[in-house]
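To keep things clear, I will list the structure first and then write my remarks on it.
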Amino acid sequence: MAPTCLQPLLRYRSFAILFLTPLLLLPLPLTVPTREARCAYVIIIMAVYWCTEVMPLAVTSLMPVVFFPLLGVQTSKKVCLQYLNNTNMLFFGGLIVAISVEQWNLHKRIALRVLLILGVKPALLMLGFMAVTAFLSMWISNTATTAMMVPIVQAVLDQLDSTENDVTLVEQASGQTNTVIELEEKITSESTAVHVVSNEQVTDDPKSSEEKKMRKRICKGMTLCVCYAASIGGTATLTGTGPNVVLKGQMNQLYPNNNDVVNFASWFGFAFPNMVLMLVLAWLWLQCSFMGLNWGFGTEKTAKEKAAYSVLKAEMKKLGPMSYAEFNILLLFVLLVLLWFSRNPGFVKGWAARLFPGGEKYITDSVPAVFIALLLFILPAHKPKCKAWNPSMSDPEQTEEDKKKPFLSAPLLDWNVVQRKMPWSIVLLLGGGFALADASANSGLSAWMGHQMTPLGSIPPWSIATVIALITAVITECTSNVATATLFLPIFSSLAESIKIHPLYIMLPATLSASFAFMLPVATPPNAIVFSYGHIHVLDMVKAGIVMNMIAVCCVTLAINTWGRPMFELDTFPAWANSTRNQ
């Protein structure tokens, strides 16, 4: 049992070890400016953290991924290779941040806030659902985004349906009342005949059956728009979906000297405009297909729109005010995005080169991802409360148990939550894909397959890219998106080398098209989630999905042949692609 005078000190134990250990050891790398001293500095800090367990052991083990590259001890690629590989570590860090967003329901708050701002007119409501789903899907998994959004859509649709039934009952009641008033002025026999006719009109009202069909079409359109937007949104960022990460990893595997041509900033600059274009065209297609040309714009809200708005407002009210943890998660999320964008923008020197010597060589996108992930296990979920050191000055109402509580509350994220929610299968699948790509290159299989495709060199490059995008979009309907990209990207890189065109000219359309699984419920988890709610049939998804695939392929062809050409210098065959296979 600790003495009473030491009890206040024990409250600050974890805080002191976490923050004072690096500060007290800081003279070591400052007075001895060598790589050995910087390496020893990180090792001693990790040893203290491991012994005291101020952070989970697994989380402390991730520190070399951040601090060895920052301090110039080892490159990020070499450090990550001891764990998974650089690309897998980037994906791993991004997934941890996504799990924290889900854990504190920040994604739901963002979704509801945007929907309330955009409004509940039918056309705007669909656009709102699609915009929110696509944005969230850029940062967290497509499956999690769809699973969160579909219940919100369902609640709104249920409220619209019940409100429409109430309105119909009121109209029928008022109609019957008017009929009675008119019948009092007529002969009894005539009134009986008219009453029968009026009942028949209520029963067999063609307007009522037409409204039911319209409600079904709206339900189909509203639910389909969510799964389509999830697939489209995931293409906009490098960590948004598996095929994007596969491309990044295989570029590094097959072309180690590619000058980091595919990074977070360059991918976003290429894929985000394509995502916006696809999203607008998809909205127009679904709107025309399921809801007709009645856009429903106007200033006055109908009863159904008021009901939908009340549902969204009620869901928002359930979340309560924004908590301290949510605010911290939002700040860390924004910080991560800024660090990714500004690490190496291309047109100016990024923070990696300006703040750290040799930063362009040592630091990759995986460093900020794992750094933010570490902060999630350090920063408290509740605001720290400073209490008096002198027991006589402390609050008399403060219980003995409160006095023993640590200064820092539980962190924003718990390792057990990560273990439960982390999709380890995707991480292993990516690793298997990189192993296949490496073996295909070293065994000569890729070179042989590329040589067989040499006759394709007589076809214009833009048509090759279009055909490959179309083939990939069809194949991904029956297989996993990640598996499709993993199998085909090494082959397409060999094809590009054999006909002497830029590898990304073919690999980029194939990567994007691997996410365009719009036609079948089994094609991707978002489709399966939407299909399970029972509003749509397979034929509905196939009809809408065929047009969606055509829209997607056209958009990708446009993107790769317009802003993609100058961005990645696709008109020239790079030296790094020419020399790699011969090494």
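Cβ coordinates come from backbone N, Cα and C, glycine included.
Counting residues 6+ beyond its ends, the transmembrane segment (41-71) has Cβ neighbours under 8 Å at 14, 17-18, 21-22, 25-26, 28-29, 79-80, 82-83, 89, 356, 362-364, 366-367, 370-371, 373-374, 377-378, 415 in the same chain. Positions annotated as transmembrane segment by TrEMBL: 41-71 (among others).
According to TrEMBL, the transmembrane segment annotation covers 83-104 (among others).
Look at TrEMBL and you will find 110-140 (among others) tagged as transmembrane segment.
Feature annotation from TrEMBL assigns transmembrane segment to 221-241 (among others).
What TrEMBL lists as transmembrane segment is 261-286 (among others).
Per TrEMBL, transmembrane segment is recorded for 323-342 (among others). Residues 97, 100-101, 104-106, 109, 139, 264-265, 268, 350-351, 365, 368-369, 371-372, 375-376, 379, 381-383, 412 of the same chain sit 6 or more residues outside the transmembrane segment (323-342) yet have a Cβ under 8 Å from a Cβ within it.
Taken from TrEMBL, the feature transmembrane segment covers 362-379 (among others).
For the transmembrane segment (426-450), the list of distant contacts is 84-85, 87-88, 91-92, 242, 245-246, 249-250, 253-254, 480, 482-483, 485-487, 489-491, 493-498, 581: same-chain residues at least six beyond its ends, Cβ to Cβ under 8 Å. What TrEMBL records for 426-450 (among others) is transmembrane segment.
Summarising the annotation, TrEMBL assigns transmembrane segment to 462-492 (among others).
The transmembrane segment annotation in TrEMBL covers 504-524 (among others). Proximity of distant same-chain residues to the transmembrane segment (504-524), defined by a Cβ-Cβ separation under 8 Å and at least 6 residues beyond the stretch ends, is recorded for 142, 227-228, 231-232, 234-235, 241, 243-244, 246-247, 250-251, 261-262, 270-271, 274, 461, 464-466, 468-470, 472-473, 476-478, 481-482, 484-485, 488-489, 492-493, 495-496, 530-531, 538, 541-542, 544-546, 548-549, 552-553, 556-557, 560, 564, 568, 570.
The transmembrane segment annotation in TrEMBL covers 544-563 (among others). Taking Cβ pairs closer than 8 Å, the transmembrane segment (544-563) reaches residues 224, 228, 232, 270-271, 273-274, 277-278, 281-282, 285-286, 289, 462, 465-466, 469-470, 473-474, 505, 508-509, 512-513, 516, 518-520, 570 in its own chain, all 6 or more past its ends.
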Long-range CB partners for the transmembrane segment (83-104) (under 8 A, at least six residues beyond its ends), listed in sequence order, are 62, 65, 76-77, 139-141, 144, 148, 238-239, 245, 248-249, 252, 323, 325-326, 329, 332-333, 336, 364-366, 368-373, 376, 412-413, 417-418, 421-423, 426-427, 430-431, 434
Count, for each of 110-140, 362-379, 462-492, the Cβ pairs lying under 8 Å from the transmembrane segment (261-286), and report the range with the highest count. 110-140
Would you mind listing the long-range same-chain contacts of the transmembrane segment (362-379), meaning Cβ under 8 Å and 6+ residues beyond its ends? 18, 55-56, 59, 62-63, 65-66, 69-70, 72, 74-77, 80, 86-87, 89-90, 92-94, 96-97, 100, 238-239, 260, 263-264, 328-329, 332-333, 335-336, 339-340, 343, 352, 356, 411-413, 415
